[in-house]
Amino acid sequence: MPKNTSLKKVLLIGSGPIQIGQAAEFDYAGSQACKAVREEGIEVVLVNSNPATIQTDPETADKVYVEPLKADIIAEIIKKEKPDGILSGMGGQTGLNLTAELYELGALEGVQILGTPLEAIYHGEDRDLFKKLMLEIGEPIPKSFILTKIEQLDEAYEEVGLPAIIRPAYTLGGAGGGVANTKEELRTIVEHGLTKSRVHQVLIEESVKGWNEIEFEVMRDAADTCIIICGMENVDPMGVHTGESVVVAPILSLTSDEFGIMRRAAIKIIRALNVQGGCNIQFAFNNGDYRVIEVNPRVSRSSALASKATGYPIARVAAKVAIGLHLDEIMNTVTGCTPACFEPAVDYVVVKVSRWPFDKFKTADRTLTTSMKSTGEVMAIGRTVEEGFKKALRSLDTDIYRHTDLNEIRMILSRPTDERFPTLFDAFRLGMTVKEVYDLTQIEPFFLEKIQNVVDIELELRDHPTEELVKTSKKFGFSNAEIRELTGWNIYKIESLVGLPTYKMVDTCSAEFPAKTPYYYSTWEQECELTQSDRKKILILGSGAIRIGQGIEFDYCTVHAVKSLREEGIEVHILNNNPETVSTDFDTSDRLYFEPMQLEDVVNILRKGDYDGVMVQFGGQNSVNLAIPIQEEIKLFGLKTKVLGTSPDNMDVAEDRNRFSVLLDQNNIPSPANGSAYSEKEAYAIANKIGYPVLVRPSYVLGGRAMELVHDELELQTYIKEAVRVSNTHPVLIDRYLDNATELDVDAVSDGETVLIGGVMEHIEEAGVHSGDSACVIPTQTLTPEQIATVKDYTRKIALSLGVVGLINIQYAIHKGTVYVLEANPRASRTVPFVSKATGLPLAKIAAKLMLGKKLADLGYQEKEISHVAVKEVLLPFSRLPGVDPILGPEMKSTGEVIGIDYDFGRAFYKASQAADNTIPLKGNVFISVTNDQKTEILPIARKLYDLGFSLYGTEGTVKFLAQNDIPMNLVRKVQEGSPNILDMIRALDVHLLINTPGDKNARADHLQIMRASIDYSIPYITTIFGAEAAVQAIESMKTNTITVEPLSHYHS
């Protein structure tokens, strides 16, 4: 039993939806913590609003609540469940903030705060308290000023000067912060920071921009035992958020004395905070001098990286410590024979590189500052820094543009952006020196020299290739494909020369002790540490870095597939490179490979491992794109491995527009008029034949990348170039646009003979908004029984015609009563977790068993009719990305999702909106501005809002139209008509809901300004008529009902 015997039941707060600054690392941390606490015989109650996480699976905790993460709702759960303790440190910034709020509400009476004490939360998050504590214990901090109102700005400016770094209190991933170089920038960032801070507090500190950034991950228990789990150094200097920076572990550029100084400081700080559990401490370092920058008294993104980098299960150990165990009483489950008080040792180099959404958002400001913009990250492991850098860049799976103009390179290097790290290689290719590059970037010369080493080998390979040099280049992380490109040699000659890589273990102890659950990375040395069993083995490809269009949903599917296969006695191995996820946890699979997910890396593992099968269905579009190449390589090398599930050729039928159209025609299934164009000329001819507007998109891409709705030939000219560039080996797909259609998503599984439909989801936004960005609902709300029957019939016909074995997602549109098929994806989709949580059907688990050859009839699952309503709503990243067009369209923009469950649509939609931080007000002022052709559609919505007691505001045209229909509305000036206008109302917080649909190009500028202001001031906004109708239903329902707060099992039973 744990030392704290008073604990019988513990509440764990999750982190909510995936968003910039808070990604899958908390799914991993919370899932590990639940397991760790339950092992000690303590009941766990979990609350989280994210349906896409393993954490919200019914089997993760004793009770799972998928409710909005709001203090009043959690207070109600506490009343109902009466937990003895609350674990706040596993839910990221959200968990800490909510714990502080619950305490301030008086909701934690009789509930122990475990692990991270309240004082530590306040000292770590409140900038003023943190500053006082550091001064008290004699730790140096940058000169700073704390303000709580904008009127203090002049005083702060006089005291701190410029440049200055702005850090709001209680915010996530540096939200609302930044670096100010002018007084105008200072005012803008501080105003924004004050609105983002929970306590309306901002720290302005002297800039230590250009200093090295060093981090320590520290663990402490109740007996005051402290250990350093991992030291990490940021390649990017201070001024760039650590979540954005390239990070290297272990610390390599400091002397042992310098390392020792900061190690002692880190231990002193965690003791002063009295944290029991994990803590992340960040320092700025410059020529022997250092400053304490910040403390995260919780599990963080850096903790996830440190955990995967060392193999030390930080979240698991932190949870055990929080419930009273000491480090020497906790076993390290990786070795199975050493206690958790042993500091990890590493004999390799780990590199983390972030992934940004700028391929989606061309207009976003790409400058990296103290406020995060990245959506995910990859981790690579090598024996050298050089190998780590090369493997990390390969793992990103992005196009890296080569710069050949020195002036352009100097400009890119002079400010931190997502392009700077790969451009360092270009600088050395063109002969710049380490000193020149350092002067522009302030990047530690140690790392610049490593990049120069890579470039030196690259240039030698190009100019003087030898067999010895080729072998050397492999140790520096070069792929065979790169070597072929540089040398011009035949790929088979290279492969026969270098052979296969060796695989080394990550085991927390540099192989001092035998490891029970190690994971592996490839390198080019003599001794291979892999061992083989005679069990049946399957390799599953993961989904890599979280990006828009390919999020945590695919990791959820991967983990479910692993669990399902292990139940069947299969030895399951995973290939993935995302350090944040549950799939890369030490004990999820029988073996984990931390590797790039390129064809060469996959095939090397297949050749080394004697696999019976490989599964590509669960890792999203990137894994599916490898299906045909993997099958060709399997034939080439004569391997026994099979690509399991739907055949790669049938996957291609679904992607190839012409082949798929033939299949639909054979089954008499309608689809919108469409065509495939291989050239611009063909595209114009197809679009003219179909008639504008048309949807144009490349094939074989995820998240609707480069998909656009184009209205005329001029727009097509602009967009077709982008689409062709994105997918130059595949045709561009052009479809008729079905305006005002109702869009549907269907997730199903098939064994090749029978089809089980998991759920039919109705989109709340109209067709034309990417399915990943639209809210959706199960069961459907407006479809007739005949339409539902048609959709199910078409789903069965398509799945069987495609020979689907496993999962399939099909998108439909209902236009003027006709059901049209838009597309089919015979793989895991981003809605699989939502459908599983809504219905209780574990679709990914079922699919994995079917891919083994089992039949649906033997598994005993049936389609489910549910009596409740589940709504999925999305989280959009616009508050993080200034300059981005916030209007939804056919290209996906959301980063994560939430779920709302209740017994009618209105309450479920209200809960989903609340969980997505777009809470619909139940009273106040509503601003309405719609296009002329939508005025009749807004009429019933405006009337209902007025009848519900709202005051309506609008511009002249809307006011006149509503007056003609006896609905009073207050007149507001348009933006270009001068003040006071709608922007002034937003800034004064005098408007509580905006319904503003985008108009033509002339009105769009106004619309964008209004949208941006509403985002900055956190005012809920709606941009479609369909969304406005749903909001009115929510308000009506909430006026007459209260929301239901029950565990997920209550709905499934």
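Cβ atoms are placed via backbone N, Cα and C, with glycine included.
Note that this is a predicted model, so its numbers are computed, not measured.
As recorded in Swiss-Prot, the features of this protein are as follows:
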| type | residues | note |
| --- | --- | --- |
| REGION | 1-397 | region 'Carboxyphosphate synthetic domain' |
| BINDING | Arg127, Arg167, Gly173, Gly174, Glu206, Val208, Glu213, Gly239, Val240, His241, Gln282, Glu294 | ATP 1 binding site |
| DOMAIN | 131-323 | domain 'ATP-grasp 1' |
| BINDING | Gln282, Glu294 | Mg(2+) 1 binding site |
| BINDING | Gln282, Glu294 | Mn(2+) 1 binding site |
| BINDING | Glu294, Asn296 | Mn(2+) 2 binding site |
| BINDING | Glu294, Asn296 | Mg(2+) 2 binding site |
| REGION | 531-919 | region 'Carbamoyl phosphate synthetic domain' |
| BINDING | Arg697, Arg736, Leu738, Glu743, Gly768, Val769, His770, Ser771, Gln811, Glu823 | ATP 2 binding site |
| BINDING | Gln811, Glu823 | Mg(2+) 3 binding site |
| BINDING | Gln811, Glu823 | Mn(2+) 3 binding site |
| BINDING | Glu823, Asn825 | Mn(2+) 4 binding site |
| BINDING | Glu823, Asn825 | Mg(2+) 4 binding site |
| REGION | 920-1053 | region 'Allosteric domain' |
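Here the features listed in Swiss-Prot are placed on the structure.
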| residue | record | DSSP class |
| --- | --- | --- |
| Arg127 | ATP 1 binding site | helix |
| Glu206 | ATP 1 binding site | strand |
| Glu294 | Mg(2+) 1 binding site | strand |
| Leu738 | ATP 2 binding site | coil |
| Gly768 | ATP 2 binding site | coil |
| Gln811 | ATP 2 binding site | strand |
| Glu823 | Mg(2+) 3 binding site | strand |
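Under the DSSP three-state reduction, Arg697 (ATP 2 binding site) is assigned to strand.
Cα of Glu213 (ATP 1 binding site) to Cα of Glu294 (Mg(2+) 1 binding site): a span of 11 Å. Checking Cα-Cα distances from Glu294 (Mg(2+) 1 binding site) against the binding-site residues (Arg127, Leu738, His770) with a 10 Å cut-off leaves Arg127, in sequence order. The Cβ of Val240 (ATP 1 binding site) has 25 neighbouring Cβ atoms from other residues within 10 Å, across all protein chains displayed.
In the region 'Allosteric domain' (920-1053), the DSSP tally of helix, strand and coil residues is 71 helix, 19 strand, 44 coil. The maximum pairwise C-alpha distance among Arg697, Arg736, Leu738, Glu743, Gly768, Val769, His770, Ser771, Gln811, Glu823, the residues recorded as binding ATP 2, is 18 Å. The secondary structure of Glu213 (ATP 1 binding site), as reduced to three states from DSSP, is extended strand. Nearest neighbour of Asn296 (Mn(2+) 2 binding site) by Cα distance, taken over the binding-site residues Arg127, Val240, Gly768, Gln811, Glu823: Arg127. Distances between the Cα of Glu823 (Mg(2+) 3 binding site) and those of the binding-site residues Arg697, Gly768, Gln811 are shortest for Gln811. The closest partner of Gly768 (ATP 2 binding site) among the binding-site residues, by CA position, is Asn825; the full candidate set was Arg127, Gln282, Asn825. A sphere of 10 angstroms centred on the C-beta of His770 (ATP 2 binding site) encloses 22 other C-beta atoms.
Taking the C-alpha positions, the distance from Val240 (ATP 1 binding site) to Asn825 (Mn(2+) 4 binding site) comes to 39 Å. Counted within 10 Å of its Cβ, the other Cβ atoms near Glu823 (Mg(2+) 3 binding site) come to 17, all protein chains included. It is 15 Å from the Cα atom of Arg697 (ATP 2 binding site) to that of Asn825 (Mn(2+) 4 binding site). Among the binding-site residues listed here, namely Leu738, His770, Gln811, Asn825, His770 has its C-alpha nearest to that of Arg127 (ATP 1 binding site).
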